[in-house]
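To start, the structure under review is shown below, and the notes come after it.
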Amino acid sequence: MTTNTHPTTRPRGDGAAALAFLTPSILTFLVFVLAPTVGVLILSFFDWNLLSDGTFAGLDNFKRLFTDERLLGVYGSTTYMALVILAVNVVLGLLLAVLLETRMPRWIRAFFRLSFLFPFVVSASAVALIWRFLLNKDLGLVNYLLGLTGLDRIDWLGSSTWAPISVIMVNSWKTIGFSILVYIAGLQSIPKQLREAAIVDGAGAWTRFWRITFPLLSPTIFFLVVINTINSFQIFAEPRVLTQGGPGDSSRTIVEYLYDRAFGDFDLGYASAIGITFALVLVVLTAIQFWFSRRWTHYQ
Amino acid sequence: MTSRLTVGHVAARVLTFVILVVAAVAITAPFLWIFRGAFSGSDAELYRLPPTFHAENLTLDNFGKVTEQVPYFRFFLNSIIVSGTVTIAQLITCSTAAYAFARLRFRGKGVLFAVVIGSLMIPIQVTIVPLFLVMSKIGMTNSLWALIFPGIFSAFGIFLLRQHFMALPYELEEAAKIDGASRFHTFARIILPLSGPSIATLGILCFTYWWNDLLLPLVMISDTEKQTLPVGLVLLAGRFSTGSLGTIAAGIAMAIVPVLIVFIAAQRYIVQSIASSGLKL
């Protein structure tokens, strides 16, 4: 950081001005970020249902985490859905972004780019409602198209095998445009000369991709892995609207489970314990990704 | 065109376009279908397979029914108020804080910035329970304020703008300083005018996020009149539904059209903003 380079040669600070500039952020941070964060820590040690006085519960809420079989199942379904969504975004997103690099008229490229991105700006509840129509077992367009190819109808939203797959499809469909766009930006920052030099050297498209594009794109891939992991683990609207988390807990996510414990059962202490451990999981996942990234990301 | 157009090259190009067109159709077709459905006179027509653009009883009735079943324009107005206010407030708090972190010297700056970055790790989904309690303590639940205040502080926004401010050349500010301009004057008259694209970036990302949020209004708001559009759509399709699918389709279409208009108008900025937010790591 540049600020610490001349600590002694710059005696006069801007303390008063800094305070003025920072006050709006500090105030909103204290009340709406720090207080709830401390609150979630405190609450997790209490047994409280909003109506009666809370009682101190020690580590009971945390012990419950380990005996709650539903929670384990919900972690399982969340992880399953999040990982597939992550893979679709990172792999299919890269494929589509690379294909968009093909020479084509500017307006066609713009059309593709905008249509890929559009679902990203539409609200998840609108998206999920549209897909609830399309995935309807008897009347939905998706099953109709399957029927044309001679396949059987699939109970997309009502079977525990297909419900999580539906959530995966709908969420990937909504978010892939973001990944594609970030990839496009990453691809554009790769110096043209490198690829041209490789073409002169007679390298084929496949070799060029793995030897030049992929290593130079690795910071972008890493960024997308981190962002998509965090986002896909926090899904709420799609399962809520599409499947209500069911059947059973097959398409339920942690955030949905937390929401139901907190605002369905009013089991606020336990919901807080779920929240804290979930935040820890996210932090650990991100840390692991950062640690691994040193082995495979390549910075220019 | 190159002279070495072999069969393989042609095949590769054709395959590329086939994949891109299939992807574009898969992404846009559901929207076309819902728009077409919004004009259907009957549910049988909406669910007709295969779907056709031709219709024997094309109607605008569904749009009227949406507004009869739920206070649709109220939802819409609430969404505008919430997203608009959060965006303006976030731009103010983030730009001032980012300026302090980028340009001012003060004690505790490193620690404070570390705290900001650390808070990126704690999503609102985790703190939603105590956030609800804080809001009810200060008597703001079941009002739009409960949706506005939690969105104002943004660690991401501070971080994004700080990076942009730090990239601006120092010389302009030095000149203003010699002329005796105050810190605020420098910020408002020199830094901000030079930061149009990054401010627009944050504005667009902030607006779309809060326009689309479902969790916070579900938790904070109990009166139907005070809900925002995403919850409104769920209500239209659920509790307030008369069973008419055309009405639901019309409600969804009415929610999408404004987004579509803004999207097309601001597409250059949106593309730029998302692309640049991805280069920060």
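Keep in mind that glycine also has a Cβ here, set from the backbone N, Cα and C atoms.
Annotation comment: TrEMBL describes A:75-289 as domain 'ABC transmembrane type-1'.
The feature transmembrane segment is assigned by TrEMBL to A:21-46 (among others). Beyond the ends of the transmembrane segment (A:21-46), by six or more residues, the same chain brings 54-59, 61-62, 268-269, 272-273, 275-276 to within a C-beta distance below 8 angstroms of the stretch.
As annotated by TrEMBL, transmembrane segment applies to A:80-100 (among others).
Away from its own ends, the transmembrane segment (A:112-134) comes close to residues 96, 100, 140-142, 157, 166, 169-170, 173-178, 180-181, 184, 237-238, 240-242 of its chain (Cβ-Cβ under 8 Å, at least six residues beyond either end). If you look up TrEMBL, you'll see A:112-134 (among others) marked as transmembrane segment.
When Cβ-Cβ distances below 8 Å are used as the criterion, the transmembrane segment (A:162-185) is approached by residues 77, 80-81, 84-85, 88-90, 92-94, 96-98, 100, 113, 116-120, 122, 124, 127-128, 131, 135, 154-156, 217, 220, 223-224, 228, 231-232, 235, 238-239, 242-243, 246-247, 250-251 of the same chain, each at least six residues removed from its ends. Feature annotation from TrEMBL assigns transmembrane segment to A:162-185 (among others).
Residues or ranges marked as transmembrane segment by TrEMBL: A:216-237 (among others). Here the transmembrane segment (A:216-237) has Cβ contacts under 8 Å with residues 78-79, 81-83, 85-86, 89-90, 93-94, 123-125, 128, 167, 171, 175, 179, 182-183, 185-187, 190, 194, 253-256, 259, 281-282, 285-286, 289-290, 293, 296-300 of the same chain, all six or more residues outside its ends.
Residues annotated as transmembrane segment in TrEMBL: A:268-292 (among others). Remote same-chain residues near the transmembrane segment (A:268-292) are listed as 39-41, 43-50, 54, 57, 61-62, 64-65, 71, 222, 225-226, 229-230, 233, 254-255, 257-258, 261-262 (criterion: CB distance under 8 Å, separation of at least six residues from the stretch ends).
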